[in-house]
Amino acid sequence: MGNEASYHSEMGTHFDHDEIKRLGRSFKKMDLDKSGSLSVDEFMSLPELQQNPLVGRVIDIFDTDGNGEVDFREFIVGTSQFSVKGDEEQKLRFAFRIYDMDNDGFISNGELFQVLKMMVGNNLKDWQLQQLVDKSILVLDKDGDGRISFEEFRDVVRTMEIHKKLVVFVDHGQED
């Protein structure tokens, strides 16, 4: 896994030396097969993630090299986006990327449907969900191109102060 402390300066994360060391210990605990990277199953071993329908999308975003697993560098960079010291724009971009599944800079009708389907499961019929998606696109799509840009997303979500809820705290408690 390398020297965890060097990641702060190398990658410009929002974590200090001690936080990176603590995250390194957490990463090692999660890395059940000791491969040096985290699979979806290893992420799902965390009770707080087991019920999160979007954990797969979060892993996709953390996994910048696209190999299906999250190594320590990807873990630190990804987690840093949720640091209390992280900025609003970074948090909003992360939230936008949850929906922008093809990473083209826009949320399409189909992408919004897929992500909302992950969240609601079978609680809504597909036609009901599609109505919700269509109405959402109509409201959010200010330029009328049929899709939601980051700017359109940001303008709406910023007023909800979602970025203040997208925070992770690194435990400063006693050593294990």
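Placed from the backbone N, Cα and C atoms, the Cβ positions cover glycine too.
In Swiss-Prot, the feature region 'Calcineurin A binding' is placed on 131-136, out of the ranges 11-16, 23-28, 35-40, 131-136. Secondary structure of the domain 'EF-hand 1' (18-53), assigned with DSSP and counted as helix (H, G, I), strand (E, B) and coil, comes to 21 helix, 2 strand, 13 coil. Shown for the domain 'EF-hand 2' (57-85): DSSP residue counts in helix, strand and coil, namely 15 helix, 3 strand, 11 coil.
Residue counts for the domain 'EF-hand 4' (128-163) under DSSP, split into helix (H, G, I), strand (E, B) and coil, are 26 helix, 2 strand, 8 coil. Within the model, the domain 'EF-hand 1' (18-53) carries an average pLDDT of 88. The Ca(2+) 1 site is set by Asp31, Asp33, Ser35, Ser37, Glu42; from the centre of their CB atoms, other residues of the chain with a CB within 8 Å are Met30, Leu32, Lys34, Gly36, Leu38, Ser39, Glu69. Same-chain residues that are not part of Asp100, Asp102, Asp104, Glu111 yet have a Cβ within 8 Å of the Cβ center of the Ca(2+) 3 site turn out to be Tyr99, Met101, Asn103, Gly105, Phe106, Ile107, Ser108.
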